[in-house]
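Following: one structure in structure tokens, then a few remarks.
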Amino acid sequence: MLRLAVLVSGGGTNLQAIMDSISDGRITNAQIAVVISNNAGAYALTRADEYGAEALVVSPKDYPSREEFNQALLDTLKEHKIDLVVLAGYLVVVPPCVIQEFENRIINIHPSLIPSFCGTGCYGLHVHEKALARGVRVSGATVHFVDEGTDTGPIILQKPVMVEQDDTPEVLQRRIMEQAEWIILPKAIDLIANGKVHVDGRKVTIEE
Ligand code: GRF
């Protein structure tokens with residue numbers, strides 16, 4: 001049984017998709033051991049409470065230095081015997097010590113088809129603003145392993161979503177969440193939990 005830590009900062013709709021997928025069997029062999037947010041006001045924590053998962057706030061603001069926050073986050077993950085860390089709208093830079101300890105065991109959902117519209121400063125609505133400004137006809141979402149870069153880790157799954165002529169960033173964001181994020185993030189977790197994802201350097205292969 002894969003023990004998941006889901007790291008959140010905001011509304012938690014991707015967390016909700018994971019919880020729903022475990023409940024309805026789309027995800028097998030995995031359980032949410034803990035939900036961790038840097039933001040005490042994150043609605044994602046309410047979702048975790050309603051689901052019955054342990055929910056913790058581990059925030060850089062609560063520590064004298066970033067190094068002490070980094071260590072506290074790593075300690076929390078190890079205390080909960082976490083196998084896979086899932087970034088679901090997590091807006092804090094993942095500490096290098098966590099990335100080293102959890103090599104190829106941290107995944108992130110990004111709301112574009114990487115390598116488009118990603119990297120530093122490309123998060124939340126900014127991603128969709130850039131996609132619309134560029135005039136792309138297709139956008140989508142990507143699940144990837146997290147390495148020391150920003151949105152640079154090996155890609156696991158992607159799902160395209162059509163951009164409509166009159167889209168606003170908000171409308172496009174919602175469509176990408178509904179039609180892509182909430183589908184491929186649970187799918188990636190299920191594949192990993194059932195040993196079907198293999199990483200060789202930058203190349204990810206998935207057993208069907
Ligand atoms: C989503 O758009 C996701 O792609 C991005 O941050 C947002 C999080 O939304 N990483 P939620 O907190 O899961 O609702």
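Glycine is no exception: its Cβ is also placed from the backbone N, Cα and C atoms.
Caution: TrEMBL annotation is automatic and unverified by curators.
TrEMBL lists GLY12, THR13, ASN14 with the feature N(1)-(5-phospho-beta-D-ribosyl)glycinamide binding site. Summarising the annotation, TrEMBL assigns (6R)-10-formyltetrahydrofolate binding site to ARG66, ASN108. The feature domain 'Formyl transferase N-terminal' is assigned by TrEMBL to 3-187. Annotation source TrEMBL lists site 'Raises pKa of active site His' at ASP151.
If you measure from the Cα atom of ASP151 (site 'Raises pKa of active site His') to that of ASN108 ((6R)-10-formyltetrahydrofolate binding site), you get 8 Å. When the binding-site residues ASN14, ARG66, ASN108 are checked against ligand 1, ASN14 have a Cβ within less than 6 Å of one of its atoms. Under the DSSP three-state reduction, GLY12 (N(1)-(5-phospho-beta-D-ribosyl)glycinamide binding site) is assigned to coil, being neither helix nor strand. Among the binding-site residues listed here, namely GLY12, THR13, ASN14, GLY12 has its C-alpha nearest to that of ARG66 ((6R)-10-formyltetrahydrofolate binding site). Reported as a whole number, the C-alpha separation between THR13 (N(1)-(5-phospho-beta-D-ribosyl)glycinamide binding site) and ASN108 ((6R)-10-formyltetrahydrofolate binding site) equals 14 Å. Apart from GLY12, THR13, ASN14, the residues listed for N(1)-(5-phospho-beta-D-ribosyl)glycinamide, the same chain places the Cβ atoms of VAL8, GLY10, GLY11, LEU15, GLN16, ALA17, ALA44, ARG47, ALA88, GLY89, MET177, TRP182 within 8 Å of the centroid of those Cβ atoms. Of all the Cβ atoms in the protein chains shown, 18 others lie within 10 Å of the Cβ of THR13 (N(1)-(5-phospho-beta-D-ribosyl)glycinamide binding site). Of all the recorded positions given, namely GLY12, ARG66, ASP151, the one with the smallest number of surrounding CB atoms inside 10 A is ARG66. Here the CA atom of ASN108 ((6R)-10-formyltetrahydrofolate binding site) lies 14 Å from the CA atom of GLY12 (N(1)-(5-phospho-beta-D-ribosyl)glycinamide binding site).
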